[in-house]
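Peer 1: So TrEMBL says this about it:
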DOMAIN    16-236  domain 'Glutamine amidotransferase type-2'
ACT_SITE  Cys16  active site, nucleophile
BINDING   Cys252, Cys398, Cys448, Cys451  [4Fe-4S] cluster binding site
BINDING   Ser299, Asp361, Asp362  Mg(2+) binding site
Amino acid sequence: MCNGEIIPKDSFKDECGVFGIYGDQDPGISRLTYYGLYALQHRGQESCGIAVSTGKNIEFHKGMGLVAEVFSDEILETLQGGISCGHVRYSTSGQSNISNAQPLVVKYWNGNLALAHNGNLVNAEELRKELEREGAIFQTSVDSEIIANLISRLDQGNIVEAIKKAMKIVKGAYALVLATRTQLIGIRDPNGIRPLSLGKKGNSLIFSSESCAFNTIGAQLLRDVEPGEIVVVDEDGLQSYFVDLPRKDKLCIFEYIYFARSDSNIRGKNIYMARRRAGEILFSEHPAKADVVISVPDSGTSAAMGYAQAAGIPFAEGLVKNRYVGRTFIQPKQSMRKIGVALKLNVLENIVRGKRVVLVDDSIVRGTTITELVEKLRIAGVSEVHLRVSSPPVTYPCYFGIDTPSKKELVGANLSINEIQKKLGVDSIGYLSLQGLIEAIGKEDNYCEACFSGSYPIDIPKERSKMAFAKEDFHVEI
Ligand code: SF4
């Protein structure tokens, strides 16, 4: 699972995590933000940063690496103030550099602004060109700078109005945390594709990509920020505004499958329970006669436990994860993937030798990791491997802030189920249906499930979609 994942798995790559506190001159704010980001580390491991408003200025520190590597006691001591904005970032090849680390901090006529963004704009390229033609100079290659640029240009003394205008110009997925000199602002795009929650600790109000960060710092989850909502926290308390655009509530379904931490709650639903239920439904859709159920740790574990319970087959740890592989292997380079897989997981021979095994994973993207794991299981002496996947075949790329390969690399987009079974070398294969997945999560809600159906909640500009379908390795920015 993405929780603590530090080696590239054959999966969609995590996005980014955003976090911010309005604590009204709380001296411990940078430390709480540090712990909040620590809890969101699974959403991005390549760079991170914290900006703090002192009431006069915005001070910040950011760097390449994990939260624990970038911040020290001394650095946190220098970040004193009452409003914070933090970010953890997963970037893509060519984009992993310090200038793209967030929060972005900009100065403009109405003050300073720190901005942390999770998501991706689908019209970023045309907006960037247009703004450059009008004289804007960009210092980074992240979409977030376009949002910061638009807000600062459109601000005529009322930042909420500027944000509303900017939201009518940008298209795509964004969960944003903004800190100004006196305000903390949380924003979700009108489709609500990326999550953002609101929490409370004493008198402090907090935004976080996921509620697991609230648990870590002893805060309580109040509610999710709504699609299209702008929540402003300042000395007058909390005010909520909505952009005047159609709102669809299309939360990314992959949050439930893989991205979010299992102790997070989104839309009032616990991620672990949803994954476990997905495993139960997977068994009802694709039963297997087997001696033991094992998972690809940690991503498939919750669903594997659900499957095992529904099947009445014991669950065991058949694959053991090395949790202490250094971050050398977080570099998103194709050449490192194989080394990463080999170092990451070992087979517990005593558990699987001579057994019929059900192997459960959350999703299959290229199929590379599973192929290698199946080979390892065969070498360890399994008699049968029945692969069960707790989501449908991934058949389309994502444009909304998730690093996905091109369509031609997606095994589910190019091969029939029988061909996938053959390619992966398993005795049987069963994917959870989209209906089954939605039943596990909650039928009453809407989702973006475009990577399974191709039905995108936002029109994708033709040039972008051509790129994604043709390029060898398409990466989106976050
Ligand atoms: S396309 Fe897939 S990964 Fe991207 S936002 Fe939609 S559901 Fe999530």
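The backbone N, Cα and C atoms fix where each Cβ goes, and this holds for glycine too.
All TrEMBL annotations are machine predictions without curation.
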Peer 1: Note down the number of other Cβ atoms within 10 Å of the Cβ of Asp362 (Mg(2+) binding site), including every protein chain shown.
Peer 2: 29
Peer 1: Would you mind reading off the Cα separation of Asp361 (Mg(2+) binding site) from Cys451 ([4Fe-4S] cluster binding site), to the nearest angstrom?
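Peer 2: One finds 17 Å between the Cα atoms of these residues.
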Peer 1: Give the distance between the Cα atoms of Ser299 (Mg(2+) binding site) and Cys448 ([4Fe-4S] cluster binding site), rounded to the nearest whole Å.
Peer 2: 20
Peer 1: Can you give the mean pLDDT for the domain 'Glutamine amidotransferase type-2' (16-236), rounded to a whole number?
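Peer 2: The answer is 93, the mean pLDDT of the model over that range.
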Peer 1: For a quick check of packing: other C-beta atoms within 10 Å of the C-beta of Asp361 (Mg(2+) binding site), how many?
Peer 2: 25
Peer 1: Within 10 Å of each Cβ, count the other Cβ atoms, then let me know which of the binding-site residues Cys252, Cys398, Cys451 comes out lowest.
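Peer 2: The binding-site residues Cys252, Cys398, Cys451 were compared, and Cys398 has the fewest Cβ atoms within 10 Å.
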Peer 1: Enumerate the residues of the same chain, Cys252, Cys398, Cys448, Cys451 excluded, that satisfy the criterion Cβ within 8 A of the mean position of the Cβ atoms of the recorded [4Fe-4S] cluster site; list them in sequence order.
Peer 2: Ile193, Ile253, Phe254, Phe400, Ile402, Glu449, Ala450
Peer 1: Can you tell me which of Cys16, Ser299, Asp361, Asp362, our recorded positions, come within under 6 Å of ligand 1 at the Cβ?
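Peer 2: Within range of ligand 1: none.
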Peer 1: What is the Cβ neighbour count of Ser299 (Mg(2+) binding site) at a 10 Å cut-off, with all protein chains included?
Peer 2: 24
